[in-house]
Amino acid sequence: MLHSSAYPILSHSISMAPPSPSCSTVHKVKRNLVMRSTWAELNGAMGDLGTYIPIVLSLTLAKHLNLGTTLIFTGFYNIVTGAIYGVPMPVQPMKSIAAVALADPTFSIPEIMASGILTGAVLLVLGLTGLMQLAYKLIPLCVVRGIQLAQGLSFALTAVKYVRKVQDLPKSSSLEKRHWLGFDGLILAIVCVCFIVIVNGAEEDHGCHRQDQDEDEEVVISRETQVRSKMRTMRRVFFSLPSAFLVFVLGVILAFVRRPRVMHEFKFGPSSIEVVKMSRHAWRQGFIKGTVPQLPLSILNSVIAVCKLSSDLFPGKDFSVTSLSVTVGLMNLVGGWFGAMPCCHGAGGLAGQYKFGGRSGGCVALLGATKLVLGFVLGSSLAHFFHQFPVGILGVLLLFAGIELAMASRDMNTKEDSFVMLVSTAVSLVGSSAALGFLCGMIVFVLLKLRDWTNGKPLNAIWKHEDPNERV
């Protein structure tokens, strides 16, 4: 029989026992999904829709992509990546594969899925073998910034095109100039832009962070006149509005107003999920036309650029290019067989969600849950609704996502780094190829370093492109 004095020692030893791995994993997942501010995270979830909706809708209308299956799988990906990384890690369609599919009539669903599966397989191998980590160490930051700047400017230019001209999304072409008035007119888009600029400003932090600062100042303000206190309160409430979410809700309302009969076109219940049959021809064409042009973009913008940008935006978060490469690979190896659109991460989506207030994994998990509900409840019939959604409003959301991504390149402090970055950007934009821009940027970078070496610089300074203390 134990003495009573042993009870405190026993209880102390029990309390000091290390937590089990399963408990620590559950605690980490909960911590990653905790939202700092519900409205801010909800607002941030809208930051990726400017690229997601146009691409998925275009492929649904032009290539009969299974929208319900895509919503279900991408929603699941959103929840899982949010739980793993604890940041608003986006899940976006693979843009190069989508562009080929919209431009080539012979590139149908089997070829799209084959190209996504093969791209995912290559990325998974690069991640597991450590080759992606090696590329991350060797590729200079200035070249990565050039690719980011090119992608951001490309988004911004596409956004302006969405706003200025009427779009034929299935054919990926612009038609006549957009009218000033109407439910998808220029005035509506301009008002939305002004509203977001006034609420969000040009700061990196969302209004919710200014709200915390205002609350700290409330004690001082309360000593002043009551009128100024009320004005400060109104200003605080206004600047904490979820601007992107309100703009998106406005688009939803206008979509129903433009065509009220769209309600009768909804069919309740999920779309049938079937295994896509892919012939040898589909595998061959998918690799040549889809995987080959998509791989450079996925490696640079979906893995390396995302890792660089996330380390800038979330210094306390610790994840590597290996994990990003593996998650992109697994996403496509799972969903591609069932007709889900090939997906990847993207620096533009991360920048857009951060711009509008996304700070945690709960941001994308909330978006993923919404996709799951829509996929299971409405399935592919939701395409009728999105076809009525004002494209100008999508352009507004895409504009701010592109600008936020382009602003990541402002940390180039030397003339040499800025020169390399701008060469990569110019070639990427003019040649419409991130791979070509990357190649030219690397050549210019190596030539400049060889020039420094011939001028007497030590060998250990030739490839110094980031701070030694920076996490890799």
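Cβ coordinates are placed from backbone N, Cα and C, and glycine is handled just like the others.
Automated prediction, rather than curation, is the source of TrEMBL annotations.
The transmembrane segment annotation in TrEMBL covers 65-87, 107-126, 138-160, 180-202, 237-257, 319-340, 361-383, 389-407, 419-448.
Below 8 angstroms of C-beta separation, residues 39-40, 42-47, 49, 183-184, 188, 192, 195-196, 199-200, 207-208, 210-211, 263, 356-357, 385-386, 388-390, 393-394, 396-397, 400 of the same chain, each at least six residues beyond the ends of the transmembrane segment (237-257), sit close to that stretch.
When the stretches 65-87, 138-160, 319-340 are ranked by Cβ pairs under 8 Å to the transmembrane segment (389-407), first place goes to 138-160.
The listed stretches are 138-160, 319-340, 361-383, 419-448; of these, 361-383 has the most Cβ pairs under 8 Å to the transmembrane segment (65-87). Within the same chain, the transmembrane segment (107-126) packs against the transmembrane segment (319-340): three or more Cβ pairs sit under 8 Å, each pair at least 6 residues apart. Contact counts against the transmembrane segment (138-160), taken as Cβ pairs under 8 Å, peak for 419-448 among the stretches 319-340, 361-383, 419-448.
Remote same-chain partners of the transmembrane segment (319-340), defined as residues 6 or more beyond its termini with a Cβ less than 8 Å from a stretch Cβ, comprise 65-66, 69-70, 72-74, 77, 80-81, 84-85, 91, 109, 113-114, 116-117, 119-128, 130, 132-133, 135-136, 273-276, 298, 302-304, 306-307, 310, 472.
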